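Student: Just passing along the structure, written as structure tokens.
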């Protein structure tokens, strides 16, 4: 029989899949002899079973829970619902991957009308006991029955008014008793039954609520954003309560073994005396720095520092810990590898290696590739910054720089960003409902809350710039005005945030390119040492090619030639080509484009300094180069000196029902081989020119949208004939290859045949995803929302490669391609090429390279290194 | 070393792939001791090599030809280019499958200024010799150098005028000498060199011309129409000449052992005395019936009848033969299985079994499934026909009935048919250039030519109705008027042709359903006995379902429910549903559709009498139900009593960039599960209602456009929950299954997972073809023409399943589906379901059924039987 419930001391601390991150680490700390309040973990398997059983907890699991509970009761000599020595517990979720703020927690479970009296007597602190009880009722109502916590606040406000006091802490034990009676009455009204007095009933309700919360909307969104499969489920941790709110010798706090913003090796954290855990995180009272603890209770401080060191040495990583001091005694409630900024991540990783705490490979695994993004984007120009005066300052919660118009709600942020604006989200404090708005905003500014407040934690996780606890900010949502240090700002005003200093500026401050030297360069050096995949970039012009080269790209994996066609005077020649009615006219127009295209290639070749450049021939349907509105067509016709009707006819003849599935890609070159001839000539002439200047160009001509080998053979013949002619003309040879995109399912299925002609394959996973799923990116928006809501899709297949379907086609094609041509070069150039999970997939499938946008090159390099480290080959 | 050249007596008569049909049968006849002029065959492998070598004949093949030629010269004691005894040959193409009129032929090769004199002396007939020479020059110029035959006609016209004569035959030997001199001069002018006097050079030129003609435009078109791969190539047959134009004891003719129009067992054919082969087929002179030969030369006639019988017994099939009589001696030039009408095909097949000449299985293989089409389409209403007076009568060349407007050229026919007209092609005579026009016309009427004229042969092959040799027809293309029996008709006048009687009628005559009893029923009975695949029909209404049942369908494989949505008052309710803004509104609108949809299903279930009915749930994007033009939107808004802006907004919100890849199929049911609920209710309520009247409904609910098992699981749950609720309400159960279309590549790739939910798969090969190739049927027209021209595609992937790509996905899906669910039912319901080559593929892959349009059911049954016979299982 499967065991679903384990005491901390019996659980396997290495098995996070089973016990969740929190449960596993509680087990580890218990075994290390640290002061952990006793408790047990209900495994993630129980959660999975809960959903399999139609959202019911199996009776055998409930039995197991109660049996394990009895053991704890015996050991602690406390009893559930007891007057003499009541047993109280906390119930917390704990998934395999940390999901901060996403799951619900219940404290003080076990309190009822009897045990609350016992607690009062035992602690000789009735006020404390009744405060616990009223908090418990509120939290339980919220989490288990869905009657929101806020509903209860008006009773508190009323009684404070009656008593003429301002703070909750000013309410007496008797006030709280009155409040409890009111709470229970309200509960019965809302829920339709009495507030449960049986602690076992309370416990089952709480466990169920944790399981249920695994599938709340916020959790689903978070999982989608972080690539966490819904099948994992969450564990539940039930732990004896310890109290940070038992008076002035009690307290609670959170701390990091190093600074999570900078990586500096110095204990970093905050605590509040006479408070429970949620008070610190919620940002209602502003906590003290951890250093202060030394003054308040030096023994506990030293003990804590000792534990911190021990934990870091044990886990070989920076720890993020929660602790409680109950009447002067320290308890550890949680430890985990701390979330950190990108800057902190690379600094910690390099430091840990220096300190001998881990190897280079291990260090590389500690940096989240996606996070590097924060370091790769522009920061404020320091010269300008020096001259600028901040209008206010808050806490530097998450580094980076942000400029944008002021925006007060997450909803509004989403809408305005969709409409093309850049916004800074300004909130009193943030809550989990704000996550999507935080995601799209340039930066986040909050009026309240510390460095471990919701805004700070979430922004760091996202790599979003955040300044929090900026008391100078007052918000009036109704008038749409906020006052910063006395001056009024509307939604049309732009502010700038510096997440590294906490400074807030009026207007927009120019940004500069990021610094990628120092520890960043060290991480890249290690990553390059261990990765097997080559990393190339998608670059359509010399500037992007240079950026890519500087970021360490080993070539261009995709140069989209059509982007060059849109520029200035070129579009005129392109349009002339399109309206041509004879091959001769078309060739004349193409001749005008040739020198410009050749120059582009020269610039790109030079920027790459001998690394290969994959040039994709013209891909989009020709109508993309023409206007569609009557007035625009009229204007263009006048411009081109042709009749409106003639141009209109061309526009009509090019109209397509399904442009995605129309006359594009190699189909264009088959109809108009002269286009491929011109492009080949530009590729080869440019290469010859650069080689003359001492270059060593490796040109790779890529034919798009091939579905049948005969298509490729036809266009390849045009390319090779032209290339040979150009080289003969100019009396010299250059190195070039001809290959194809694999972006049509049929190409993948018949890759063995296509490889007879193709010297390389580049997987165009954007189109391949569209064709394989049978939906277009443009149109899928209409239903993908329902798909996420109904849990049909868990992640966006255009961001994270669908390994089961599209990936299977990639695998098939790679295998078939190699079977025909063992040395075939294989790469990927869709937008997936910069996604770490896709990169790992590419590594496993045995591709030679990935190609992504220039700014993602370092991310891809690190992800490629991690893939190699995580998948050692024999 | 590969042997490329074989004497007829050394060739393998069973190996048509190597020797072509003509060569193989010449070998067979030679071995049977029949009077075949000696010769040799150059294999199809030589043709393939010719193209592999860049359109060059390898020197070793030329050597082999000359060596083989020497053997013939020795045996016949004749010599190439000799004065004393000149050796003359014919050079003909001969592909594996017969391609009438598609390939070029050269007669009298070997003639030059010397040998023509020898021939004159030897035959004591100078006129004959010079006539041969001038014909040879004309033909050689045309075929080898591309200087068209017609260029020479003016010289003939001139000399006839000079001499004051009307017929070619009135020209004297001296006249012909003059003509030959003029021809040679003209040849030199056009070609730039003298007409070749070296017969060996002539021979190499002719062989090359045959190889080249394999890839002329007509041949490519014919191959595409008949699914012949271009890789087969053609053989070349070089044969000693015999002369049907050596005077009145010579002649030439073609004959069938049975009547190719009706199948009647009676020698059928035509001949011309003092003529060469081309004269009979070209329709210039009207030939005599083969019976007349008995009077002219009874010995030869008897010998010929004996040969006919021997050939039929040997080949177990009706033969189509060419013969020549040279000075009273019979020579056999060719035999092959005769092309025949569908009627003849089934009659011959049944007769051959009765006569003990073949087995039922062999007989089934002799009927071309596609041909049955002719018998399945309406013929003229006999009652009306009796009362109608024909305006003219020609030869009943190809049976069937046709009504349409008069049209004079193939080009015009193509254009007018494209524009939606029905036309009858009226020509003096037809030529290979007319094939595409003949294909699209309802019927063909010619003024000249016999039953074996080009028009007659091609029309029979196509199953097109044809009346030929109708002398009453005079055509004036310029004025656009034709006179039939003295009355003038314009292009706007409709005529009717009866291909079974040869009668031509004015106006349009009503048609009746075909008769499928008698030998047709016998063929179907045999086919049903041997086939393994079930054959179902695609039917969206009770009428089509009844037609399908009567044609022998074993169920409905695809009932498209959206077609029902477009009818009369339904569309109003559908539109009401689409503009609904709440689920309640939508449900109210759906409730109006429910009873109508239920009635449709009742009608279809009843028509099928217990056979399964696969009902596909709503598939098309919703915008298809709304108008798109402003005036129509305004009118509809007024009709619906809603604001124009409201409706316009709905229309806009439903607009899609790529409707093919948009919000359709199961995606609709996921967004609007209430649609699937209504449809399920209609399916189940209808089934319960029919079962109450003694029916045994087998309903199969098919969810379209599934790409991921979770999509299917979601919709299936809606279906099952609804079905169970309906059955519980009505207190009875019905048999139903839930399955899916496999029409998206991802569905095929993940079929093992999808089969966990799907009880059946139906391959929707229309969409699967579009997604797999990445082009839409609507848009592919723009480039597919170029694809055929450039030999990238050889057949239309929407008509004939692409087995290499799409078929591979079908195979993968079938295997994966069976791996998960061994008893999964597999079918195909795309338009490919009626295509014989696709049916054979489905048989091999192990599908359970194919589904096609009702009128194609017999074709599919026969094709399924042939597939089973051709692919016997262990």
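Counting starts with 1 at the first residue shown.
Using N, Cα and C of the backbone, Cβ positions are placed for all residues, glycine too.
Sharing the features that TrEMBL gives for it:
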DOMAIN    B:63-291  domain 'Pyruvate phosphate dikinase AMP/ATP-binding'
DOMAIN    B:302-342  domain 'Pyruvate phosphate dikinase AMP/ATP-binding'
DOMAIN    B:421-502  domain 'PEP-utilising enzyme mobile'
ACT_SITE  B:454  active site, tele-phosphohistidine intermediate
DOMAIN    B:517-867  domain 'PEP-utilising enzyme C-terminal'
BINDING   B:560, B:616, B:743, B:764, B:765, B:766, B:767  substrate binding site
BINDING   B:743, B:767  Mg(2+) binding site
ACT_SITE  B:829  active site, proton donor
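Could you give the neighbours, burial and distances for every feature on this list?
Tutor: Remote same-chain partners of the domain 'Pyruvate phosphate dikinase AMP/ATP-binding' (B:302-342), defined as residues 6 or more beyond its termini with a Cβ less than 8 Å from a stretch Cβ, comprise 21-22, 25-26, 28-29, 32, 34-37, 98, 100, 239, 242-244, 246-247, 249-258, 260-263, 267, 269, 271, 273, 277, 293, 348, 352, 357-358, 362, 366-368, 371-375, 398-399, 457, 460-461, 463.
A sphere of 10 angstroms centred on the C-beta of residue B:454 (active site, tele-phosphohistidine intermediate) encloses 23 other C-beta atoms.
For residue B:765 (substrate binding site), the same-chain residues lying six or more positions away in sequence with a CB closer than 8 A to its CB are B:743, B:801, B:806, B:810, B:828, B:829, B:830, B:831, B:832, B:833, B:838.
If you take the C-beta of residue B:767 (substrate binding site) and look for same-chain residues 6 or more apart in sequence within under 8 angstroms, you find B:660, B:705, B:741, B:743, B:744, B:830.
Every protein chain considered, the tally of other Cβ atoms within 10 Å of the Cβ of residue B:829 (active site, proton donor) stands at 28.
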Student: When DSSP states are folded down to helix, strand and coil, where does residue B:765 (substrate binding site) land?
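Tutor: The three-state answer is helix.
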Student: Taking the residues B:560, B:616, B:743, B:764, B:765, B:766, B:767 listed for substrate, what is the greatest CA to CA distance in Å, to the nearest whole number?
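Tutor: Site span for substrate, by Cα atoms: 15 Å.
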Student: Looking only at C-alpha atoms, tell me how far residue B:560 (substrate binding site) is from residue B:454 (active site, tele-phosphohistidine intermediate), rounded to the nearest Å.
Tutor: 42
Student: Roughly how many angstrom lie between the C-alpha atoms of residue B:764 (substrate binding site) and residue B:454 (active site, tele-phosphohistidine intermediate)?
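Tutor: A Cα-Cα distance of 39 Å.
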Student: Which residues, same chain and not among B:560, B:616, B:743, B:764, B:765, B:766, B:767, have a CB within 8 angstroms of the centroid of the CB atoms at the recorded substrate site?
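Tutor: Here the nearby residues are B:558, B:619, B:704, B:741, B:762, B:763, B:768, B:829, B:830.
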Student: How far is it from residue B:616 (substrate binding site) to residue B:454 (active site, tele-phosphohistidine intermediate), counting Cα to Cα, in Å?
Tutor: 46
Student: So which of these recorded positions, B:454, B:616, B:764, B:765, B:766, B:829, get their C-beta under 8 angstroms from chain A?
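Tutor: Contact set vs A: none.
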Student: Between the Cα atoms of residue B:766 (substrate binding site) and residue B:454 (active site, tele-phosphohistidine intermediate), find the distance and write it as a whole number of Å.
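Tutor: Cα-Cα distance, residue B:766 (substrate binding site) to residue B:454 (active site, tele-phosphohistidine intermediate): 35 Å.
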Student: Using DSSP, how many residues of the domain 'Pyruvate phosphate dikinase AMP/ATP-binding' (B:302-342) fall into helix, strand and coil, respectively?
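Tutor: With helix first, then strand, then coil, the domain 'Pyruvate phosphate dikinase AMP/ATP-binding' (B:302-342) has 15 helix, 17 strand, 9 coil.
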Student: Return the average pLDDT for the domain 'PEP-utilising enzyme mobile' (B:421-502) as a whole number.
Tutor: 86
Student: According to DSSP, collapsed to three classes, what secondary structure does residue B:616 (substrate binding site) have?
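Tutor: SS state of residue B:616 (substrate binding site) = strand.
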Student: Taking DSSP states H, G and I as helix and E and B as strand, how many residues of the domain 'PEP-utilising enzyme mobile' (B:421-502) are helix, strand and coil?
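Tutor: Taking the domain 'PEP-utilising enzyme mobile' (B:421-502) as a whole: 18 helix, 30 strand, 34 coil.
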Student: Within 10 Å of its Cβ, which one of these binding-site residues (B:560, B:616, B:766) has the largest number of other Cβ atoms?
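Tutor: When each Cβ's neighbours within 10 Å are tallied, B:616 tops the list.
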